[in-house]
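Record features, source TrEMBL:
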- 5-97: domain 'Pyrroline-5-carboxylate reductase catalytic N-terminal' (DOMAIN)
- 69, 70, 71, 72: NADP(+) binding site (BINDING)
- 160-263: domain 'Pyrroline-5-carboxylate reductase dimerisation' (DOMAIN)
Ligand SMILES: NC(=O)C1=CN([C@@H]2O[C@H](COP(=O)(O)OP(=O)(O)OC[C@H]3O[C@@H](n4cnc5c(N)ncnc54)[C@H](OP(=O)(O)O)[C@@H]3O)[C@@H](O)[C@H]2O)C=CC1
Ligand SMILES: O=C(O)[C@@H]1CCC=N1
């Protein structure tokens, strides 16, 4: 059981994925707030058995940790409301582009902050989460951060610049994989298999491929090569990737993501 008191500001997709992990890991003191969608707040409260509040500012002084899980654009306003009511809490944001420098600039001198970039697989305890602690984070607070991140999957400590550059690759790229999965599932359904079976086929193919990727013995180019028998069907398919300049497209995709987070 973990007794740290955690307030989460934001009750949307990422907040819920994190709450799910926290509850599974037996964090007992979790309170959640949002902007005003009362129905959503009540649903989160009952679904995950957490406390909720519509006045988070009144509860900050009771907390050990505040996790900001609302849009990047909401940070300016929320941090201005948070600063005057803080009493030494560790402040964590999961927002794209909101780095530790941004937080430190807007919070009282000496505030311990961290920038965390999870993905939605947190709901299954399978996120790969990147994090950067700010300069005032103590060893004990870093241990708390790692404990939280462990509850939602694996994690890696990196610097601010790396987090900016990797947000598209670990935060957003699940959507790229699901986009490809959707095309494959729809194609599979055309053969007459049900949606459920089509999803199982594609999910297991992705899971197996991820396991192979994790293998230390083979590089990724070799894995591609292994599937593409010379003159075979996969080689024919991969040449279409080249025809459509897949690598260039992925570069543009990642750049669009990076640039948006910087705005
Ligand atoms: N979705 C993802 O895969 C990932 C998201 N993130 C980050 O997580 C954050 C949230 O994204 P996501 O969960 O997808 O978004 P959602 O739109 O699903 O949820 C946003 C939540 O923030 C709340 N909110 C908005 N403005 C305020 C405010 N001023 N004060 C308090 N609460 C507010 C909303 O309240 P209400 O319920 O009232 O509308 C809502 O609960 C973003 O910063 C994003 O960059 C990071 C990694 C991955
Ligand atoms: O799309 C977004 O803005 C968030 C950040 C990374 C993944 N989802």
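Every residue, even glycine, has its Cβ placed from backbone N, Cα and C.
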Cβ-Cβ neighbours of residue 70 (NADP(+) binding site) (radius 10 Å): 22
Other CB atoms within 10 A, centred on residue 69 (NADP(+) binding site): 24
Cβ-centroid neighbourhood (8 Å) of the NADP(+) site, 69, 70, 71, 72 excluded: 10, 12, 14, 68, 73, 74, 75, 93, 94, 95, 98
Count of other CB atoms lying within 10 Å of the CB belonging to residue 71 (NADP(+) binding site): 14
In three-state DSSP terms, the structure that residue 71 (NADP(+) binding site) belongs to: coil
Secondary structure composition of the domain 'Pyrroline-5-carboxylate reductase catalytic N-terminal' (5-97) [DSSP: H/G/I, E/B, coil]: 43 helix, 22 strand, 28 coil
DSSP residue counts for the domain 'Pyrroline-5-carboxylate reductase dimerisation' (160-263), split into helix, strand and coil: 86 helix, 0 strand, 18 coil
Close in space, distant in sequence - residue 72 (NADP(+) binding site), Cβ under 8 Å, 6 or more apart: 95, 96, 97, 98, 261
